[in-house]
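Q: What follows is a structure written as structure tokens; I'll ask about it next.
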Amino acid sequence: TGTLCIIFHDAFMFAIPQVLSLLLDFMRDEDAPLWKGYFYATLMFLLSCLQSLFNHQYMYTCFTVGMRVKTAVMGLVYRKSLVINSSARRTCTVGEIVNLVSADTQKLMDFVVYFNAVWLAPIEIALCLFFLWQHLGPSALAGIATVILIFPLNGFIAKKRSKLQEIQMKFMDGRIRLMNEILNGIKILKFYAWEKAFLEQVLGYREKELKALKKSQILYSISIITVSPVLSSKIAFAMFGVYVMLDDRNVLDAQKVFVSMALINILKTPLSQLPFAISTTMQALVSLRRLAKYLCSEELKVDNVSKAPLSPGKNYVLIESGTFSWTPEGPPCLKRINVRVPRGSLVAVVGHVGSGKSSLLSAMLGETEKRSGQVTVKGSVAYVPQQAWIQNATVQDNILFGRDKLKTWYQRVLEACALLPDLDILPAGDATEIGEKGLNLSGGQKQRVSLARAVYRKADVYLLDDPLSAVDAHVGQHIFDRVIGPKGVLRDKTRILVTHGMSFLPQADLILVLADGKITESGSYQELLGRHGAFADFIHTFASTERKESMSVTGPDLFVFSYLFVLQVRLALYKKYFKTIGLAIIILIVILYAFQQGASLAYNYWLSMWADDPVVNGTQIDTDLKLFVFGALGFVQGIAIFGTTVAISVCGIIASRQLHMDLLVNVLRSPMSFFESTPSGNLLNRFAKEIDAIDCMVPEGLKMMLSYVFKLLEVCIIVLMATPFAAVIILPLAFLYAFVQSFYVATSCQLRRLEAVSRSPIYTHFNETVQGASVIRAFGEQPRFILQANERVDFNQTSYFPRFVATRWLAVNLEFVGNVVVLAAAILSVMGRSTLSPGIVGLAVSHSLQVTGILSWIVRSWTDVENNIVSVERVNEYADTPKEASWSTEGSSLPVAWPQSGTIELQGYGLQYRKGLELALKDITLHINPKEKVGIVGRTGAGKSSLALGFFRILEAAKGKIFIDGVNIADIGLHDLRSRITIIPQDPVLFSGSLRMNLDPFDTYTDEEIWSSLELAHLKTFVSDLPDKLNYECSEGGENLSLGQRQLVCLARALLRKTKILVLDEATAAVDLETDTLIQSTIRTQFEHCTVLTIAHRLNTIMDYTRVIVMDRGHVSEMDSPANLISQRGQFYRMCLEAGLV
């Protein structure tokens, strides 16, 4: 139906110049009856109305189809992200996948909308030329020649621009990837005072991106000269020139000139649409290639694991001579694996960091490439990953994970996983909304929610990847007894447990010892001890040691949902945008525009005077001079247009550079609480979508709008010159137009906002899915997630659809207004037939025919600007959020070597997570001497980690002071403070980039220093075996290193900084006991002359410290040397008793 509509539209479009020709005939012929004139005038009006109706029906059809295509492709990409294998997943980052959904699907949609122009435009061009030939004979060919000469140039420019666009997209992808990591690792950046280094990196990408954009814009300006209004003047110049030169007898009269001009104006549309349609097609092809590359990337093979139904057979999990690797080409990560897991048994998997324990579970899930062998798993599977994956939903939704709620079973699971006390702390119990990636839960709570999700499933086979690493020892024991162990909820299930905890091993039915990807020993605890192998030695060394761990306090909760402004985008935004550019340049631009339109007016008026020139014995006089002036005016107009487009593009780049810079600095200067309550999807959206809109869309829209507004002025001047009486009609029409437009702009802006607000959840959900794909697959929940994604996309489309329907409504109304102007001009001309020359009438009517087009373009570009200026508002939104204290203080008298001794003093110190919440630390007064080693212990939520946040001023003091070496830390700049003390944080975060960059982003240390710190961190052998050594590229989030190795990299960072004060926060949660001992001894020897504060969970690590502080509910409940505390038989003694140390 769409194509039919467009064909009708074309028919009416070409009928109009023919009617115009008849009307001008009538003007010349004094004897023709008046009714003919009125008839022609009305006929033109009707044809114009029909033309616009058909056109918009066609656009509507296209949009609907385009929308369906977009939705379908989004669904495809989403479904693909659930089956893509790990080697392919490593080549494309989360940022790139989100980009496919946001940018590339949109390009496909644009392609569907403009695709017909690719074949229609040439036909329309041919028709125009045919009619021109009828009027001007062979000289119409001159026009064709002009067009033919211009096209190759445009083709060449389009090609260059698509190359530049790919370059720009590449830098943009890099910038978004980096931003994604910065937002994920923002806590580390703050602890280490690394914001500046990353700021520089982001700006580096940004400059390259803008450079490509600038080149592309200048090329675009060159191609604009060859299309747009200037093109019609060139064609006219060529045609009329040749026509006059060919023969003196060829006279230009009003009919020839203005019918030709009307045809040339029709010609402009397909000519300008064609390059646009071609470039859209090009972009769509680039996007299609990107999508195809992703959609064709390797998937997990279904036969990696053969799933068998439950049968009375003995073995539930069976691996026979299996060899596995992460990539099809890469080295195997597991070799010659044979495992038989009998039904209902508990299998423990132990081994050093990086020995392949997690890989073994992945192999059972079918996440790794199976090189050879056979894997069979019977029944349903539940999986608990090493790093808990939590959805942005309520605690209950996270545990039920799509199942129905069975009340008694649910309560049993909560009780078994020790979640009941935590739910009492959370503001809304199990209905508390958890931020994305579990931001307001501590490590241990996330891990337990993740475990509860698995237990609730009642699956047959349980794969548990070290779920006890992030919880307190007593909680760990509780969970083992109540869930995993021989008396637990899962006692009849088949359990495979990766663990570092020695105390659980005697209760396992089978123990697998892994080293370097091979199973070196297997058997029960007693058998292995009896063999006196590596395992037995290991056990004897660490028999006494026990693990103690803890988790941080829950941070703020309750996500502030995005809000809608009901107000129209206010003038303030434009003011902000233009202020960024500068007043001088803006005035210059307006002058350039006025100049350009003046040239155009003079040019057209000259033409009408020429047409009215009397014909003296078959010829006109001074044709050469007239032709010369005509050409010169056209040339001036071309230069002016080039000037304006370049000027606006440059301004746009100035503004967007500044706005991006402000946004980046504002975000990096925000305090930690801001990142906890702002989903990173929202922030990424600002950096990707909104900045992109400010880069390209706003300047584009302004260019269009200004040029058409000035064009409209010109038309009004011409119509009023011909028939001053038209003012009576033009004024009321102007009011009608203003009313329709304001009505529309308000609606459209709201719809646009709704659409933007409903778009963020799509990306957040996408992000989540990509990160938790292995969990979703293990639980077999893909259909539910696909459904959820589809619902979110549909919800987004419900606000997108009314938006473009509203656009069509507006366009139909406006074109009607335009057509009334045509009617007015024509009828008034007929009335004043006696006084008006055909030249002026031709000029007025042929110009009024353009009004409809101009009006719809003005509104379209105006709404584009209105809609995209919203991006300025959304980017600016974070300018007014609270900021941290300044990074460095002016004229501070801090000595270079501060802190020299490392004394720490707290006076009545208290701190809270948010105004209005109760204090997390209450009235703490302490004095820590230089070189003292202090352990901080306490139950979950006692305020241990809060103390660390206080030292680094991640949270500012609510009352009291902290002095380091006698300097009040509240008086110095944050970077001065944070760069002089060091922390080894809970979660080891790495950024993508070289290993060297991860250790030393400012390049302040020599290679020797870096190597010696790696050696002390026991990473030297590992790093020297890597292909690129220090330049080894870490992948996004450091995923190509194991968790333990990342922890060691964090230790190496601390060794490199070698400051007088070191804070250790739960830094050994993911490390096996042997590595842990190495770390502890390194810290003892290397930091001997430093003050060390350890937030401990394994009490044996702090038994030789000088003092232990026992925290309880934000107070210091006991403080003394470990020996004294044990003799006092208080809280510390009870903790030691639980850990079996007394």
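Cβ coordinates are placed from backbone N, Cα and C, and glycine is handled just like the others.
Pasting the feature list from TrEMBL:
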- 1-283: domain 'ABC transmembrane type-1' (DOMAIN)
- 6-26: transmembrane segment (TRANSMEM)
- 38-54: transmembrane segment (TRANSMEM)
- 111-133: transmembrane segment (TRANSMEM)
- 139-158: transmembrane segment (TRANSMEM)
- 218-246: transmembrane segment (TRANSMEM)
- 300-541: domain 'ABC transporter' (DOMAIN)
- 558-574: transmembrane segment (TRANSMEM)
- 581-607: transmembrane segment (TRANSMEM)
- 587-867: domain 'ABC transmembrane type-1' (DOMAIN)
- 627-655: transmembrane segment (TRANSMEM)
- 712-738: transmembrane segment (TRANSMEM)
- 906-1138: domain 'ABC transporter' (DOMAIN)
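What's the neighbourhood like for each of these?
A: If one looks beyond the transmembrane segment (6-26) by at least 6 residues along the same chain, the residues whose Cβ comes under 8 Å of a Cβ in the stretch are 32, 36-37, 40-41, 43-44, 47-48, 50-51, 54-55, 58, 116, 120, 123-124, 127-128, 131, 254-255, 258-259, 262-263, 266, 826, 829-830, 838, 841-842, 845-846, 849.
Remote same-chain partners of the transmembrane segment (627-655), defined as residues 6 or more beyond its termini with a Cβ less than 8 Å from a stretch Cβ, comprise 210, 213-214, 217-218, 220-222, 224-225, 228-230, 233-234, 236-237, 240-241, 244, 577, 580-582, 585-586, 588-589, 592-593, 595-596, 599-600, 602-603, 606-607, 610, 694-696, 698-699, 702-703, 706-707.
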Q: Restricting attention to the domain 'ABC transporter' (300-541), give the mean pLDDT.
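A: When the pLDDT values over the domain 'ABC transporter' (300-541) are averaged, the result is 83.
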Q: Near the transmembrane segment (38-54), which residues from the same chain, at least 6 beyond its ends, have a CB less than 8 A from one of its CBs?
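A: Hits for the transmembrane segment (38-54): 5-6, 8-9, 12-13, 15-16, 19-20, 22-23, 26, 811-812, 815-816, 818-820, 822-823, 826-827, 829-830, 849, 852.
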Q: In the same chain, who gets a Cβ under 8 Å from the transmembrane segment (111-133) while lying at least 6 residues past its ends?
A: 2-3, 6, 10, 14, 17-18, 59, 62-63, 65-66, 69, 140-141, 143-144, 147, 239, 260, 263-264, 266-267, 269-271, 273-274, 276-278, 280-281, 283-284
